[in-house]
Amino acid sequence: MEDIIEGGISSDDDFDSSDSSSDEEESDTSPQIMKSDVTMASPPSTPEPSPDVSASTSNLKRERQRSPITWEHQSPLSRVYRSPSPMRFGKRPRISSNSTSRSCKTSWADRVREAAAQRRPSRPFRKPYSHPRNGPLRNGPPRAPPLLKLFDISILPKSGEPKLFLPVPSLPCQEAEKTNDKYVLAMAQRAMHDVPISSKQLTANLLPVKFKPLLSIVRYTPNYYYWVSMRKETIASANLCTVAAFLDESLCWGQQYLKNDFIFSENGKDIILDTSSALLSQLVHKIKMLPFCHCLMQTTPQDHIVKQVCYLIASNNRILDAVRYLQTSVIKSPIVLLLAYAVCLPAAIICTKNETQLYSHCMRILKEYRPGDVMNILHESLTQHLNKCPSSTCAYTTRAIVGTKANTTGLFFLPTQ
């Protein structure tokens, strides 16, 4: 006991000193708490608890130990291999022969997303000499290699003998026509030969009387392919005067179809109507070559209609699109009216049941036709042009296209009023 009293709790002074020290600490902390209360927000709705000294000392931020591993960020722009360029759909990647990136080996194992776009290390793909199908030519046509052949030698003719004619398939055999009308038989006999066009005139009053006897030849003839081949041969090598005569015949025959309630269809065989599409394409080519069309368009500015209709028919034979385009404007030019007359019959033949609006528009054009209108339109236009145009080149070109004589082989009649 004595040792204990001597070592620690021997006297009362120690207790007094410890009490005094604790009182000093309490006296030091109490005014600090009051100061913190004073510096708080004005409405102390909930008093804050007194700060704990031991908690504040335990929440000190520790210093992070540095890791021995060094982290480095590598940008995708500084990688050693070359990423494959994005390819268009359906296009092969092209590898240049003088590429410098082939020396470095590429490891594609770590690149999972780019594994599908690997470049072949073999020979480069052969570049086509023609322009790509998708898109127009931007930088002009590609240059051919200097050692490319001009043409294949195997396509040259084997024999060097001069040829004075070309082989043409012969016409089928002709049979006797099944009709008893002498006037119609005489008309068919004249149609087989190239006779003057004045001998084939037929008045508009006589045609309805001879319609049914003539229908037995035009529609029910046993020589259908003979007549169609003869008419197409004449139309293919015809001048503008011959084309106008055939067009007058076709339009007047179509009017008789309309008056007798006949149906225009592709399945029916008709000598006159089945050559209307060839007649239309030939007329379009003649109009495109005529220089006097530009002179006629100065009074009635519908040159764009002529160009558009000629483009639709001459490029892809888009007859129905040409009729749709003609529906959008009023015809104010004789050349546009001539094209409308020529396109109405082929469009009426190929119109289906779903295109009733186009069919009715073609019938409206056909009803407005008068016998001999095509010849009269061209005659007035040419007369007006020759009296005003001083160009000699234009006059010579017009003479070559119009022609001086009409070929009437295959023509049955020329309608007149």
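Glycine too: its Cβ is placed from the backbone N, Cα and C atoms.
Keep in mind it's a predicted model, so treat the numbers as computed, not measured.
Note on Swiss-Prot: of 39-45, 81-87, 88-94, 158-164, the range annotated with the feature motif 'Nuclear localization signal' is 88-94. According to Swiss-Prot, the feature motif 'Nuclear localization signal' maps to residues 118-127, out of the candidate ranges 48-57, 118-127. Swiss-Prot assigns the feature region 'Interaction with host ALYREF or mouse ALYREF2' to residues 106-120, out of the candidate ranges 106-120, 166-180, 256-270, 376-390. Neighbour count (other Cβ atoms within 10 Å of the Cβ, all protein chains): 17 for Cys394 (Zn(2+) binding site). Cys389 (Zn(2+) binding site) carries neither a helix nor a strand DSSP state and counts as coil.
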